Each structure stands twice: as C-alpha cells, then as structure tokens.
Amino acid sequence: MSANKNIWIIRLGVAFVCVAIGAAQANEKDGSAVTSGNWSLLGGGNEQHYFSALKDVNKSNVKNLGLSWFTDMEAGDGLVGNPLVADGVIYQGGPPGKIYANDLKTGKNLWTYTPEVQYDKDTSWTGFWGTHVNRGLAVDDDNVYIGSYCKLLAVSRTTHKLTWSSQSCDPKKMQAITGAPRVGGGKVFIGNASGDFGGDRGHLDAFDAKTGKHLWRFYTMPGDPSKPFENDLLAKASKTWGTDYWKYTKGGVSPWDAITYDEASDTLYFGTDGPSPWSPAQRAPDAGDELFSHSIIAVDASTGAYKWHFQTVQNDGSNMSATMHIMLADLPVEGVSKRVVMTAPKNGYFYVLDASTGKFISADHYVPVNWTKGLDPKTGRPIPSNEANYWERPGEMTIPLPGDVGGHNWEAMAYNPELRTVYIPSTLVPVTVVASKDTGELDLDYYYGMRPDATIKTQGDLVAWDPLLQKEKWRAKRSLPVNGGVLATAGGLVFQGTGDGHFEAFDANTGEKLWSFHVGGSILAAPTTVEVDGDQYLIVASGNGGASGMRGIPRLMNNLQSQGPARLLAFRLGGKTELPITSTPDFPKPQYPKPTSAMAESGRHIFNANACGACHGFNAEGSTPGLPDLRRSDKLDLAVMKSIVIDGAFKPLGMPGHPHISDADLQALQAFILQKAWTAYDTQQTLKTSDTGAQ
C-alpha cells in the first residue's frame, strides 16, 4: 500500500513548474556539490548527499578509468568508512579507533595514530565487540575525531598527537562507539551502540570541538521509573513502555550511526535503534510505542533541546533500526520548495519528512515487506499485520521481511539533485526466526535465503529511487546481498563497491553498468571523489569488516574472491597500476576426528547462546582477517581452548573470557567447530576431485 497518494496527485500537477526549482538546486547548500580538492565532511557536505559536481570522469570516458595507486593497510578488521580528504591528505578510520593519513596523489602513508586500548576486567561483550568495528571519522581545521572504546578522541592534524579524550559511554554496560562522529557549529556529535543487548540507555552526546568539554546529552529512552526522570519529555515517554517496564528492559534504543547536522537551522537529526530484548514477548506485556525507539529525532544542536520526532516502527520485534543514513534536501512539495529529511531505514520504506516539523510527507517500500499492511497516508504510521510476529507463534518458523539485516542498512545512499534521484544499496535477507516455546530464545538462520529450497531468495540491489513520486527508476542486481555505499557525480555516473570485491560505475539515468574493477577485497565503504592538479580521483577503502561481518554473517558480504587485505585505492583516467594476485589458502585437514552430530548440535546451541557467532561467524567461518576462521584454527586442544575461551588468555586482543562455560560445554564447542572444519575440508576435496576429473 502506497502512502503517498494524497500529496502526489497535487505534486504531479506542478511538476513542470518545479523543474526550474530543481535546476537551481543542483548546487546544494553546505558544500554538498563538491568541486574542490577537499571532501572533508562525511558524504561531501552537511547534507550528506554523497554527490560531487565533478564531471571530468563521465559516461563517455569512464571506460578509461584505471588504478592510480593502492596501499595495503594494517587493519585486520577491515576498512569501511567514507575516506575524507583535506588539504591533499586522505584520512581513514579503522578499528579500534586507528587514524590513517595518506598522501592523496601517491597513497604514501604520512602518519598513523593508534589509540591505547586497555580492557577493563569488567568489560562487557559489546565493549569488546565495538573495538572491532569502526565506520569512519570526522575532520575539521584542527583535528581528526574518532571513537575508541567508548571514548571520543581528537587528534591534531598538525602534531598527530592526542588533543583531548572524552568519555561518551561505558564499555562495562554493553556499550560501544562504532559510528563516525559528525562535526558542526564548533561541536562534535557522537552516539553509541549496544550490540542489540541493551545493557544501558542509548544517548547522543555533544562535545566542544576545541576542548572536548561535554556540552549536552539526549537520552533516547526513559530510565528507571523509581527515580526522577531527567526531563518532562522522558517522563511522558515512559508512559509508552508499559507497566514495570524496567523489570524487562534496561537499555537499547541506541543512536549508533545516522547523525546529520543542518547549519542553516542549527538542527541535529539522528536515528535510533530498537528496544531490547528483541522480542516483544520478553518486554512489558502492555508496552505501547516504546518511545523513542526506531525514530528520527531532531534537536537543537546548541542545547540538545527536543524539536520533534517521527517513529518508523512501534513495539518492534525484528530489529528494524532507524539509524540508517539521513539526508537533507530541498524538494518541491505542492509547488513550494521545502526543506526535507530523506531516509531509508531497515523497515524497507523510503521516507520524506518535513525537516522543520517532522511531519510525514510520503513513503513507499523499495523491498518486499510483510511486517505491516502499509502506512497511513496522512501520518505514516504502520497499519498492523501479524505475518512477521514470530513471538505470537512459539516453535513455528517465521520469516519477517525485510527483517533484521534490513532493506537498507548503514551503508551510504547517494542523492543526485540534478536528476532528483536517490541511489539506495538495498538488501533482502530472509532470516528464519523460531522462538523457543520454553525460554523464548530466538533461533535465527541468516543463510536460509541461500539454500536451494528457499521460498524467498537472498538478494542485493542498487536501486535508483524518485523521492517525489516514491517510485523505482531502475534496479541493478548484485551477486551478494550486502554491498558498499554509493557515490553519485555530475558526470552522469553512480559508483558503488560490492561484497564480491568489485568497484563499479553505472549510468545514473539507466542503470547500465559502464565499468568494473576487481580490487580483491569486499567493499562496504562509500567512495570519495576529488580533483587535484587537473585529475579527478575516485578513492575507496576495501577489506572485510563492519557490522555485517561482525554480526557473524560474512557469506552475505564476501566470497573467496574478496577476502584480500584491507586497502585504500585511488583511480583516475589513464591509471595503469596493477594489483598483485591474491589467493585463499586451502583448508587444512582437521587434526581431530569427526564429532558426533549430537555433540556438534549441542555445541551449536552453546556457540549461539554465548554470541560467539557475532564475531566468529555463525558457521565459525570468521568475520574479518582480525577475527580468525575457527575452522582453520590450530588451537582446538581442549586445554588450549580452556585457556582462551574460559580463562580469557586473549583478552588483551579483544577476546573476552567466559568463566561460566563448563568443561562439558567446552567439549561441545570443540565438536561444533570440528564439524564445520570437516565440512569445509571435505567440500574442498570433493571440488578438487571434480576439477581433476573434468580435465
């Protein structure tokens, strides 16, 4: 059901009148249409359009694009942030808050800042996990800003030393910083992540950019109702969480990525995650909307005072976060140019909201959805459907769409104001969910859609979307569901990296693929483009990493051909540099016999219950080069495993100990890993035999 009919009938009548308005908007405010040698703000400007007015590289000559240089980076957990460029230097962030500064023209590393991370003995799982995820950094005239182990760091661009460090969350309370900070108005803004465990309340902080002084905090959910609320807003929000809600949930609703600053109105827009635990059956029975979960929130950037919110999903059970990329633009609404917010959260809908009031303007879905029957055309509120409500059917398999991975995750969209088109890296991952009849524990299969018998197939697309008509213009299918962020240019091109390791260019009008280059590693980062000395450079970071890998589903975002090292790559017309050939080593024959199926299945439950798969992959296949493929491990001796898994021997490396795991549980874990190791080895040997026989 489309939720845009009422206003678009009016809008179509004024479409021709609005053409002139659109042309005048081609050079957007706040530097979104980048023409210089700098790309110092995330997405190229405060509006975060990921659009450049550069057009030296265009549809007629993009076939001549070649690699100018590449640099292999010491980043075991991959690079996924949008590279920023200021004064001839590329700044790239990586885990655990590392800053790389490289020369724009040569790729030579100029300096690297590595933060000191000393894990507290009480560091939570999320605190450890978060140090393996970094989605970028921020830059201003003085400093580079990055998150690390719940701290916001400012590092001088001149001295390359720490200017200040400020605490923003508590790694002992299931919190971490994984998103890129944003800068504006002399301030630095940062949110936090909970890893979906909800150990503490989500909040967004503002710091003075020069001194690191904490200026304000906005809590995204109410706290313990037995204590005074921080303000009347949270007191009112508490009424939406149900009776005795603090008995069921003590956190979540994290603003872990999307933050957008509007200089003209001094407004900060950010998105929030969902409540914890995931299942509504495990939260207050009479819970309502649970504000401000899954919301777009606008606050005064100077004070943190609330302006408005728009909630995309109420009382959610499928982790359909609204923390995805938020853009600002000027669009013709009923014949008048209006400042709008555009966003495509996980729930599968693309929204256009009034930036001043938060009022719903329009929305429609860009991937299949079954969690709602549609949206109210006036308010945008979802019309209830129980098709995705697994918590109402314990013991039965349910496939919520688009589900936990989302129709669009954190990877950046792009907006071409000249064509008035948004380009969405969309995802469809049908995840089967079965809630235990006894405990309510969720059993999820993220790889269901890759099975031959799947009724709904896993799919990734690059979607060109008309935000006025809420209509698809074209769709380019990708080989894997999780792919990189997008860049649009005035050269009539759209650039995107892919999970299978390709960097590609498309015709912005038709979706025709015009150019492709295999970089050897998975790409989640959005590209950057700048011009220097008459050459237009396209810059992109590669290397397995990011939330998708860290959520234990690496097969959705890479394959055997895209597991190369983390790299920074620059392309220009006439580039002639060649990449070295990389290969994946064979699986070694496991050193222990095959386990029984029953023991391995017991180990699978222990593996999942302790969130081992979130770092090491649900099939123990490893998420990033920095988190080992356990199927290849030479540390499966039970005594060695005990020292690592139970006693925490690798705690300094970010691997927590699990003292609650028994010796019997450890044996079951060993059996599960061995089963996966033998499966990988046997499959490899079968393929080798088949290849030999075919010759």
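For all residues, glycine too, the Cβ spot is worked out from N, Cα and C.
In this view, C612 (heme c binding site) is surrounded by 22 other Cβ atoms within 10 Å of its Cβ, with every protein chain counted. Swiss-Prot lists C612, C615, H616 with the feature heme c binding site, giving sequence analysis as the kind of evidence.
Marked as domain 'Cytochrome c' by Swiss-Prot on the basis of sequence analysis: 598-677.
For 1-26, the entry in Swiss-Prot reads signal peptide.
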For C615 (heme c binding site): DSSP state (helix, strand, coil): helix
Cβ neighbour count (within 10 Å, all chains shown) around C615 (heme c binding site): 24
Other CB atoms within 10 A, centred on H616 (heme c binding site): 23
Per-state residue totals over the domain 'Cytochrome c' (598-677) - DSSP helix, strand, coil: 46 helix, 2 strand, 32 coil
